[in-house]
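Below is one structure, written out as structure tokens; comments come after it.
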Amino acid sequence: MADTYDVIIIGSGPGGYVTAVRAAQLGLKTAIVEREHLGGICLNWGCIPTKALLRSAEVLHYAQHPQNYGLKIDGAVSADIGAVVNRSRQVSARLNGGVGFLMKKNKVDVVWGEAKLSKAPKGATPGEIVVCKTAKKPMEPQHPTPKGTLGEGTYKAKHIIVATGARPRVLPGIEPDGKLIWTYFEAMIPKEMPKSLIVMGSGAIGIEFASFYRTLGAEVTVVELLPQIMPVEDAEVSKFARKQLEKQGMRILTEAKVAKVEKGASSVTAHVELKDGKVEKITADRLISAVGVQGNVENLGLEAVGVKVERGTVQVDGYGRTNVEGIYAIGDVAGAPMLAHKAEHEGVICVEKIAGLPNVHALDKGKIPGCTYCTPQVASVGLTEEKAKAAGRDIRVGRFQFAANGKAIALGEDQGFIKTIFDKKTGELLGAHMVGAEVTELIQGFVVAMNLETTEEELMHTVFPHPTLSEMMKESVLDAYGRALNA
Ligand SMILES: Cc1cc2nc3c(=O)[nH]c(=O)nc-3n(C[C@H](O)[C@H](O)[C@H](O)COP(=O)(O)OP(=O)(O)OC[C@H]3O[C@@H](n4cnc5c(N)ncnc54)[C@H](O)[C@@H]3O)c2cc1C
């Protein structure tokens, strides 16, 4: 007899485990199936361990420039890569344990293994999954399997939520081998510091690793196919970030393509087609392939139950509903933006709709913030200036520089700016874009404003504390209307 649940979630990443907690809060009998690590990519191989690595790099940078703060450090300060990685793994392990605790606290059954949807008998709602031993070799280091988990078997549920996440996209001919050509997995746990590195792709993942390794002293070359790094960001922000990264000694090639990679005994040579048509051979210790991710849609039995999958992602509506009743998908496997907070929110919406809660708002992809934690940090929400113009919006643009903000100067972080974009006619905030210290913490102010459909007037009437970096947010709004007070 199959165990029966209201909801079974496949995958325990930020999408899956948050959905499980919310489902349990709503009184639904819930199980979650995981084949590898509680917490998914985000907690184990993504968001969290990278931030731990980047924090070590940031502290190293400060320690190497004590004179900027009137301090003296006797003797050289350097990174112990083993200890840096170890700290990052400990941070990840702590959060992995935290997910186990949350499952227990909320009485969510954890099933360990690889889940597959069963083909439903003709006319029946597909509501059965089979969990078998995982075929995938988990990445090392592996956290221990939590106690009290259920094992292989058949489990039944009224609602099945696919939250299986994504994996690195691989370019043919440049397949990662884990030794010379890395994905984010190997880049997260280097055994020794590479002296030189090629980073292929300049999205958030590529740029964060480039920033980490450069700060730790590696020679880093970033190769990006498109005209700007961090292609989804506002062009002005991207240009400014590029200049700062280049000042730190990073080499950045845009409109350039890694056409071929030759592997030596302990190095790689990338044949890079440049903008002008010439080919440059670049040799480095390692190459990180960071050309995006693709949804984990395979071997789930999705085709058998008739779930629509397009370009590697499950097709869903604003509530995570697929075309098959009773089957849902959330998070990376349900498409862009492939971000942890999108996965979490999508899961909450999905399960609240399942529970029949009133006034559940469909996911609004236009108001999901994006952050890149390189130095300088980059954060944004809503339309870029280019996109606003392309959409035919008549806009007002405001800017405010870190160099004119008291707190930024006191912090020794006077490089960066905040840019806001308003609809000229209505005063609606269409987008906000930031580059500089701590902007990943600031952006949420504008996300709340956009969600409340705030206009310029309400933002101007809001009092911001002094001295803070957040004052620049208000100044940027004022600037859009020719009223900046400190510039
Ligand atoms: C290096 C890196 C840095 C990142 N940094 C950030 C960041 O700073 N901020 C941000 O918002 N996002 C970041 N991301 C993206 C973020 O990690 C993902 O958006 C997020 O993890 C998606 O969550 P998810 O729940 O959809 O899937 P995942 O976290 O991928 O979890 C899916 C889970 O499903 C399990 N699974 C898959 N198939 C099966 C199956 N058949 N049976 C059982 N279990 C299965 C997997 O083992 C996995 O644990 C980063 C990603 C990377 C790689």
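First residue shown is number 1, and so on along the chain.
Quick reminder: no glycine exception, Cβ is built from N, Cα and C everywhere.
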Worksheet item: Hey, TrEMBL has NAD(+) bound by G201, S202, G203, A204, I205, G206, I207, E208, E224. Any idea which of G127, G292, G295, G301 it lists too?
Response: G292
Worksheet item: Listed recorded positions are C47, G201, I207, L339; which sit with C-beta under 6 angstroms of ligand 1?
Response: C47, L339
Discussion item. Using Cβ atoms only, which residues of the same chain lie under 8 Å from H341 (FAD binding site) while being at least 6 residues apart in sequence?
Written reply: P14, I368, P369
Worksheet item: Which site among C42, I205, I207, A340 has the most other CB atoms no more than 10 Å from its CB, taking these as recorded positions?
Response: I207
Worksheet entry | C42 (disulfide bond) to D332 (FAD binding site) - Cα separation in whole Å | 11
Item to complete: Tell me the residue counts in helix, strand and coil for the domain 'Pyridine nucleotide-disulphide oxidoreductase dimerisation' (368-476), as DSSP assigns them.
Response: 39 helix, 31 strand, 39 coil
Worksheet item: What is the one among the binding-site residues G201, G203 whose Cβ has the most other Cβ atoms less than or equal to 10 Å away?
Response: G201
Item to complete: Specify all same-chain residues, apart from the site residues G201, S202, G203, A204, I205, G206, I207, E208, E224, G292, whose Cβ lies within 8 angstroms of the center of the Cβ atoms of the NAD(+) site, ordered by sequence.
Response: V199, F209, A210, I229, M230, A290
